[in-house]
Amino acid sequence: MECCRRATPGTPLLFLAFLLLSSRTARSEEDRDGLWDAWGPWSECSRTCGGGASYSLRRCLSNKSCEGRNIRYRTCSNVDCPPEAGDFRAQQCSAHNDVKHHGQFYEWLPVSNDPDNPCSLKCQAKGTTLVVELAPKVLDGTRCYTESLDMCISGLCQIVGCDHQLGSTMKEDNCGVCNGDGSTCRLVRGQYKSQLSATKLDDTVVAIPYGSRHIRLVLKGPDHLYLETKTLQGAKGESSLSSTGTFLVDNSSVDFQKFPDKEILRMTGPLTADFIVKIHNSGPADSTVQFIFYQPIIHRWRETDFFPCSATCGGGYQLTSAECYDLRSNRVVADQYCHYYPENIKPKPLQECNLDPCPASDGYKQIMPYDLYHPLPRWEATPWTACSSSCGGGIQSRAVSCVEEDIQGHVTSVEEWKCMYTPKMPIVQPCNIFDCPKWLAQEWSPCTVTCGQGLRYRVVLCIDHRGMHTGGCSPKTKPHIKEECIIPTPCYKPKEKLPVEAKLPWYKQAQELEEGAAVSEEPSFIPEAWSACTVTCGVGTQVRMVRCQVLLSFSQSVADLPVDECEGPKPASQRACYAGPCNGEAPEFNPEETDGLFGGLQDFDELYDWEYEGFTKCSESCGGGVQEAVVSCLNKQTREPADENLCVTSRRPPRLLKSCSLDPCPARSRVGWAWTACKDLG
């Protein structure tokens with residue numbers, strides 16, 4: 001075969017045309033139409049980290065002007081800078097520290113987020129209000145705004161998506177996933193109310209796990225927030241947050257603002273450690289903390305052991321297995337961790353495969369041997385039993401057995417030795433290791449009299465391990481709420497032998513009589529404390545929140561449920577209250593008879609008043625019933641019942657109900673009994 005041919009007369013022209021075309025191969029259709037030369041090489045990146053800009057130039061080959069631009073840009077160095085590198089705009093401001101401005105040296109700080117011209121270098125002299133534009137343009141790659149990826153290029157703000165491409169509109173979701181759907185994290189929001197005292201100066205507000213984003217906490221009140229941290233390697237730290245500013249805590253940026261009556265804490269994230277937000281008692285009044293953040297879902301299903309397809313063509317079945325995987329520790333954990341998140345759906349163990357039709361030439365469909373895709377035996381556990389103790393530490397158990405699953409999905413128990421290739425799951429674990437509720441007695445009130453013998457009172461609350469007012473304390477160990485007191489000042493007249501009862505407003509008595517409800521593993525109505533009375537005298541209103549809640553035993557956290565998930569009557573969320581007589585109300589007694597004994601009208605207690613005296617018998621012995629508080633008109637001195645006409649009708653307390661006998665009824669014997677019809681409690 002010839003390796004070459006003799007050139008024909010037209011060959012040189014064709015060859016020259018070929019060379020001309022090949023020199024323009026780098027041009028686009030727009031380039032050839034506009035007579036542009038090929039794009040030149042990309043310049044060095046304007047930054048080494050944190051996202052910079054690089055440009056490329058081209059030359060117009062026409063004597064006239066060419067349409068289009070002679071420069072193009074792209075992003076580069078899209079890797080995070082080390083924390084010690086600092087802010088790029090701040091570096092540009094500090095470069096002017098050794099240059100005099102109007103004959104004086106200043107330390108310059110950046111002025112960010114200028115809505116009018118975000119790409120000019122505006123800086124503020126530290127410790128002054130002086131703001132100066134030190135350069136008309138910042139360096140290429142400087143962020144236009146602190147909370148955006150958009151960057152300044154040649155003095156203009158260019159849109160940058162989360163994919164780090166110029167002109168891209170892609171955004172990160174709240175979980176930090178570019179163009180994501182928000183399914184890899186969950187929103188956590190709540191409110192904490194301080195329950196601090198002289199003996200308890202610090203408390204935990206909320207624990208925010210590693211990887212969380214968009215954290216915001218607002219404290220209102222006199223107390224103070226501070227942080228404790230723990231890295232994945234176990235190193236612990238603490239930050240006091242003593243002043244306003246932006247701090248670096250375990251490589252996470254923390255923005256803290258301190259005001260006279262509130263504190264604001266922000267962290268963009270993702271957090272590089274577990275953060276525990278705590279509160280320190282700094283004043284006599286209580287504080288509230290509202291918090292919101294996005295918590296990553298750290299446990300996910302991971303498919304493993306893809307067994308061969310049961311057929312080579314024409315459609316077959318392929319068995320897979322899935323395990324729960326901890327993304328933080330990179331290890332396999334028990335399935336219950338993945339079941340905790342409703343978003344996690346376990347992959348199906350049986351999938352179709354090799355759906356392409358078999359070749360028409362032979363029509364043969366090869367069936368794979370059963371043993372090749374038969375899954376390995378595995379450990380399977382029953383749910384944990386209820387904890388043996390509701391507090392103070394108990395145990396719960398479960399049954400663990402070795403099972404085998406066939407191709408139809410039927411599961412059967414097999415000998416344990418077949419599962420010994422993996423460790424057996426534990427069958428016993430501790431639970432409810434927090435302290436049991438305890439009675440907490442507060443300070444005694446002043447004595448009810450100014451001379452002689454009287455009574456004094458105090459509030460006794462049942463406090464759980466979180467410092468919240470709850471139920472569950474033993475009535476036998478409850479400290480007494482009133483006792484006799486003696487004022488050494490002599491009275492003008494001898495008083496009665498019985499000490500005078502303090503005039504407790506009936507709404508306060510109701511608060512003492514009403515049992516606090518404790519959150520349990522069964523959905524139940526949990527009322528919060530009553531608000532203060534809406535008036536300072538006369539009859540007003542009190543309100544409170546009543547939520548349907550359940551205790552999640554796995555995480556020892558409380559979750560709110562829809563109201564229809566709770567059975568039984570919902571406690572009242574509003575009631576009347578009486579705050580004493582208003583100025584000008586006519587008293588129902590003759591003050592002349594009592595001036596000498598009690599020293600005047602202001603020290604005299606009305607003789608008759610309404611009081612709660614316990615509750616009626618429960619309407620049911622089990623399964624949930626109702627009790628009603630008994631209201632009586634009493635003589636305040638003799639403690640004997642009196643005619644109801646002697647008490648002021650407008651002061652009669654409202655009807656007060658509470659649930660009782662909440663334990664389930666024992667199962668009925670099936671011999672000689674017929675089940676009743678199912679009753680809809682919703």
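Note that the numbers count up from 1, one per residue, in the order the chain is shown.
Including glycine, each Cβ sits where the backbone N, Cα and C put it.
Positions annotated as signal peptide by TrEMBL: 1-28.
Marked as disulfide bond by TrEMBL: C45-C76 (among others). Residues within less than 8 Å, Cβ to Cβ, of C76 (disulfide bond) and separated from it by at least 6 positions along the same chain comprise W42, C45, S46, R47, G51, G52, A53, S54.
The disulfide bond annotation in TrEMBL covers C49-C81 (among others).
If you look up TrEMBL, you'll see C60-C66 (among others) marked as disulfide bond. The Cβ of C60 (disulfide bond) has 15 neighbouring Cβ atoms from other residues within 10 Å, across all protein chains displayed.
What TrEMBL lists as domain 'ADAMTS/ADAMTS-like cysteine-rich' is 103-185. Secondary structure of the domain 'ADAMTS/ADAMTS-like cysteine-rich' (103-185), assigned with DSSP and counted as helix (H, G, I), strand (E, B) and coil, comes to 0 helix, 26 strand, 57 coil.
As annotated by TrEMBL, domain 'ADAMTS/ADAMTS-like Spacer 1' applies to 189-296. Under DSSP, residues within the domain 'ADAMTS/ADAMTS-like Spacer 1' (189-296) fall into helix, strand and coil as 0 helix, 67 strand, 41 coil.
Sparsest Cβ environment among the disulfide-bonded residues C49, C66 (other Cβ atoms counted within 10 Å): C49.
Annotation for C81 (disulfide bond): same-chain Cβ neighbours under 8 Å, separated by at least 6 residues, are C49, G50.
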